[in-house]
């Protein structure tokens with residue numbers, strides 16, 4: 001056996017992901033990455049060394065048995081592979097697309113030490129898409145426990161928590177504020193990175209497990225967490241309301257017409273389909289030259305969306321340098337290929353507008369990098385006298401989001417931190433309030449889909465324990 | 001889906017619907033609003049709650065047809081269904097501990113001011129109602145306002161009903177006759193220019209004035225930041241911090257520019273909607 005392993009030929013590079021032509025895709029909302037073919041996925045899966053110590057698994061927040069599903073995929077047993085994935089991951093078609101794999105599972109891949117990691121996410125995506133196309137087989141559901149759980153928010157953490165609890169036999173109801181389930185997967189992540197049909201297919205699977213989803217239901221308004229437990233008969237509540245409160249720069253001119261929060265810009269486009277205006281009723285207005293403030297994935301999404309909405313120029317304006325961009329490498333690369341331009345070491349100090357209130361430019365200041373700060377990144381220091389005016393007519397602010405305050409504000413006895421995040425034990429999801437659990441961005445601050453899913457899973461485990469012992 | 005139980009046509013452009021929405025009716029309070037979406041391709045629009053019946057589980061909305069969505073809504077009938085109806089949203093009006101309050105409703109603003117006047121009256125306050133419209137045809141709910149207020153004054157811009165004059169003219173007379181010290185609070189709801197005019201006037205008298213802002217909005221839960229408004233030195237979100245604000249602190253000029261943000265697009269959508277060429281705009 002050992003001899004056989006030693007003989008395994010190492011294939012140094014990942015099989016390339018077929019994508020839409022960069023310039024063509026920069027003008028449409030169709031998915032950028034087209035997905036592997038069956039032959040490619042088998043070839044990619046066969047690159048896996050099947051290491052005994054399974055380093056990739058430590059990088060997966062939802063603990064997918066990665067070597068096992070890749071082995072099955074390598075053998076062409078895709079039914080087996082997806083079954084294996086879904087033991088742990090309720091949203092594989094989503095994760096296969098938007099997980100930052102290079103910082104998680106693939107980062108720990110043995111091959112990555114000298115070569116390119118196995119394309120774990122791409123294999124996952126193929127298996128999930130294939131199953132969605134041919135019809136999903138449902139996992140086993142435990143007999144009803146008679147316990148009721150309310151899940152507040154239908155984003156990645158809520159969906160995962162609901163799925164796990166439903167499989168354990170609990171009666172789960174998800175309350176969603178918007179008119180459609182999916183949270184940030186629907187309003188935030190653009191269609192060209194994550195088709196909405198894929199999200200809805202995953203949501204439908206959840207419903208088949210018996211999960212009820214009540215849309216148009218703003219907890220904190222039509223009812224409170226206390227009322228859910230005291231009056232509506234829920235035995236436990238999971239709060240996964242995410243980071244839905246946009247931050248602004250707090251600079252003069254920020255309320256000018258033509259300044260959007262990334263949330264508004266993306267919600268109009270993704271959720272309300274403004275790119276199909278006037279067939280769809282929600283408009284969006286975009287100028288010729290767009291500046292997107294920030295350097296994360298949301299900023300990349302904003303800049304790429306701007307091009308697709310018809311902007312002639314789309315700029316990422318970021319106060320640090322290329323090396324510090326918090327966005328996934330692949331997203332920054334895709335943006336660049338599509339023609340997004342980057343203004344590094346630059347930050348706005350004022351947004352200028354005309355008599356009609358419209359943005360006419362952005363006064364910026366240049367930065368240089370100084371000593372590393374608490375985050376370990378070199379601190380950007382403004383250069384005195386370096387002010388200049390950037391010629392832009394639309395500004396999208398993508399500098400981050402805080403926790404949505406509606407639920408924290410109306411839930412008595414829920415401990416919050418200074419930023420307004422819910423204080424929850426990261427090992428269990430338990431909050432200061434008995435029976436109330438929380439996870440995802442509302443606890444950690446804005447992070448990734450998969451981390452939120454991990455938190456949903458963790459909470460589901462402890463909610464199950466709580467209900468079992470209750 | 002949310003059923004329209006009743007429709008009343010107040011004028012060719014002002015209509016009332018009673019909607020079956022028990023979840024909203026159970027917890028809503030005066031001053032709050034809802035967001036609705038008529039159909040799958042529709043936009044989300046905010047409308048202030050004009051009345052509610054907790055027992056029947058209904059919400060009453062009154063709206064003026066302005067753009068495509070409100071015109072489409074106005075064309076719907078009792079028995080039809082609205083796709084999405086979410087609420088209650090926003091903070092309820094704070095029923096302040098004052099002896100007297102003047103509640104001013106201009107145009108379609110009479111509808112949202114009505115439950116606020118009623119709440120003040122139920123709290124034992126002396127409520128002076130002032131309602132105005134451009135002309136008699138656009139006047140509605142005089143009877144309901146009379147019931148919700150201790151005394152009611154009515155005016156029309158063109159003098160076609162009761163008296164000629166703006167609500168500000170009537171308000172000024174009330175303040176002058178009662179004495180400004182006897183009017184500690186004004187609540188004004190109506191078109192932006194009307195609320196702005198009321199605030200300009202009451203500011204001179206030093207009378208606290210609450211307005212209810214109807215800003216452009218998408219989600220209504222604090223998520224998109226579209227509805228931001230400068231109040232004093234701060235940026236506030238109408239959807240979660242409002243819709244009520246101290247009218248003397250509101251930056252009206254900015255609000256007016258922001259409200260006109262999508263004017264060209266709204267016009268385009270409306271023209272397409274009203275086009276009879278078969279392009280699908282009538283959907």
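Note: Cβ is positioned from N, Cα and C throughout, glycine not excepted.
TrEMBL: automatically predicted annotations, no manual curation.
Per TrEMBL, these features apply:
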BINDING   B:62, B:63, B:64  FAD binding site
BINDING   B:224, B:227, B:239  [2Fe-2S] cluster binding site
DOMAIN    B:1-95  domain 'FAD-binding FR-type'
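Structural mapping of features recorded in TrEMBL.
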residue: B:62; record: FAD binding site; Cβ neighbours (10 Å): 23
residue: B:63; record: FAD binding site; Cβ neighbours (10 Å): 21
residue: B:64; record: FAD binding site; Cβ neighbours (10 Å): 17
residue: B:224; record: [2Fe-2S] cluster binding site; Cβ neighbours (10 Å): 29
residue: B:227; record: [2Fe-2S] cluster binding site; Cβ neighbours (10 Å): 27
residue: B:239; record: [2Fe-2S] cluster binding site; Cβ neighbours (10 Å): 28
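The CA atom of residue B:224 ([2Fe-2S] cluster binding site) is located 26 Å away from the CA atom of residue B:62 (FAD binding site). Within the domain 'FAD-binding FR-type' (B:1-95), the DSSP-based counts of helix, strand and coil residues read 13 helix, 42 strand, 40 coil. Checking the binding-site residues B:63, B:224, B:239 against chain A with a Cβ-Cβ cut-off under 8 Å leaves B:224. In the three-state DSSP reading, residue B:227 ([2Fe-2S] cluster binding site) counts as coil. Here the C-alpha separation of residue B:64 (FAD binding site) and residue B:227 ([2Fe-2S] cluster binding site) works out to 20 Å.
The two recorded residues, residue B:239 ([2Fe-2S] cluster binding site) and residue B:63 (FAD binding site), have Cα atoms 18 Å apart. Each residue contributes its Cα atom, and for residue B:62 (FAD binding site) and residue B:227 ([2Fe-2S] cluster binding site) those atoms are 21 Å apart. In this structure the C-alpha atoms belonging to residue B:227 ([2Fe-2S] cluster binding site) and residue B:63 (FAD binding site) are separated by 19 Å.
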